[in-house]
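A.B. asks: Encoded as structure tokens, here's the structure I'll be asking about.
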Amino acid sequence: MSQENLIEQEPVHESNIRRLPFKDLMKRIGPGIILAGIVIGPGAITTASMVGAMYGYSLLWIMIPIAFMGISFLLTTYRVALLTGMPALHAIRHYFGPLAAQIVGITTFLSCVFFTIGNISGTGAGMNLLFGIDWKIGALIMLAFLVYCYFSKGVYSKVEKISMLCVIGLILAFYATIFQTGGPNLGELAYGISHWTFPVGSLALVLGFISTNASITTALYGTYLSKEKKWKKADLFNGGMLADSIAHIAGVILVSGAIVLVGAIVLFPNQVIISSPTQLADMLVPFMGRAASIVMGLALVACAFSSLLGNTHRSIVLLNAGFNKPTGLEEKSVRWGSLVVLVISAVVSFSYGGSPIQLIYVANIATAVAAPFGGLFMCLLLYNKEVNKGLKKPKLLQVCMTISYLFSLILITFVIIDVISKIFS
């Protein structure tokens, strides 16, 4: 069996498997938390802030499809990986051939590159808030530091811990701001969650928000991280996979949801359109006062820093997987390829003439490029009789995955139509 395989092909009988107790379920959680750390970057903060600032409570309902889609994507990719014994792109290659794997590899690679562009802009925005310097100079300083950490043993892990503390600090600051302002308007909150409508002009922002928080690319990459947990087929039925998926999406929603609420409470009443790092910091002023810029600056730098390495690695792992090349994080091709991605993304970021906030926003919308291709092949594998041989049809998961994929596809189609109509109008 190939070294890329995730598990051994042991026989499993669903009826003989019992649910794990809560304590044991917590031990099965792993990749989902790492993936949440990659997702919660400057893009997540920026798009969530824009959703609240521009549309108040009216787009809070998006949290429901994000939870639904995020769990469906992860459970589908985990199931395919565990039943085939191969990570996602290797399974696509096995069942649909090299071309299919290469298409998914290239599109997921591009999606990750767009994430990286957004993260680089995020480091610059954070440095601008902290020191008042040009965001491009700030980003360049942080990139130089990242490269140093990347090739220095033991340094990155220490910096990552500090980064996580900064991110946790930001999360606490957002919840404290919600408390300080007296909390959300419960009537408007309930209305926003229960009335599923798209305000005029919101489609592109919604796509960027969903593409950040419920991404098929994230789910595909999760099957490569999963090798470290040594999951078995039994984990499909004992609650292990579900616990990891819920832990991932719960972390993402707790952060993004809080940011949307703060944007709705603090910025929306004044009709603030976020176009600069300073306006992001304004959300924390009710609680942090003058320290808001420092807290937001530290958090943006920390989020971008921890997310940058994850995304550059992820881009090369998925590209290599598509072309049947080594995917281990210690492989030279992955290390040096990640550095090349970093350089190219930096060039694109620095050539942009506008605000880093606008670049983060545009880059996050572009990350949706992988959804039509990766989602399609995951759906096909989930319905494949050979993959599910000897097991009950996962009818509920099949329905959930199909709905999630179609929702993504329809949203992308409407955004493309909207963009084209604006170009030719």
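From the backbone N, Cα and C atoms, a Cβ is placed for every residue, glycine too.
According to TrEMBL, the record shows the following:
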TRANSMEM  29-53  transmembrane segment
TRANSMEM  59-83  transmembrane segment
TRANSMEM  95-117  transmembrane segment
TRANSMEM  129-150  transmembrane segment
TRANSMEM  162-183  transmembrane segment
TRANSMEM  203-225  transmembrane segment
TRANSMEM  246-268  transmembrane segment
TRANSMEM  288-312  transmembrane segment
TRANSMEM  333-353  transmembrane segment
TRANSMEM  359-384  transmembrane segment
TRANSMEM  396-417  transmembrane segment
A.B. asks: Between the transmembrane segment (203-225) and the transmembrane segment (129-150), are there three or more C-beta pairs closer than 8 Å, counting only pairs 6 or more apart along the chain?
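C.D. replies: They are not in contact.
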A.B. asks: Which of 29-53, 95-117, 129-150, 246-268, 288-312 shares the most C-beta pairs under 8 angstroms with the transmembrane segment (59-83)?
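C.D. replies: Against the transmembrane segment (59-83), the leading stretch is 246-268.
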A.B. asks: Counting Cβ pairs under 8 Å to the transmembrane segment (288-312), which of 29-53, 95-117, 246-268, 333-353 comes out on top?
C.D. replies: 29-53
A.B. asks: If we skip the immediate neighbours and take only residues 6+ beyond the ends of the transmembrane segment (95-117), which ones have a Cβ under 8 Å from one of its Cβ atoms?
C.D. replies: 41, 43, 84, 89, 215, 217, 220-221, 307-308, 311-312, 314-316, 318-324, 341-342, 344-345, 348-349, 359, 363-364, 366-370, 372-374, 377, 380-381, 384, 386-387
A.B. asks: For the transmembrane segment (333-353), I need the partner stretch with the highest count of C-beta pairs below 8 angstroms, choosing only from 29-53, 129-150, 246-268.
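C.D. replies: Between the stretches 29-53, 129-150, 246-268, 129-150 has the largest tally.
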A.B. asks: Are there residues at least six beyond either end of the transmembrane segment (129-150) with Cβ under 8 Å to its Cβ atoms? List them, or say none.
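C.D. replies: For the transmembrane segment (129-150), the list is 120-121, 123, 156, 159, 277-278, 280-281, 293-294, 296-298, 300-301, 304-305, 308-309, 335, 338-339, 342, 346, 349-350, 356.
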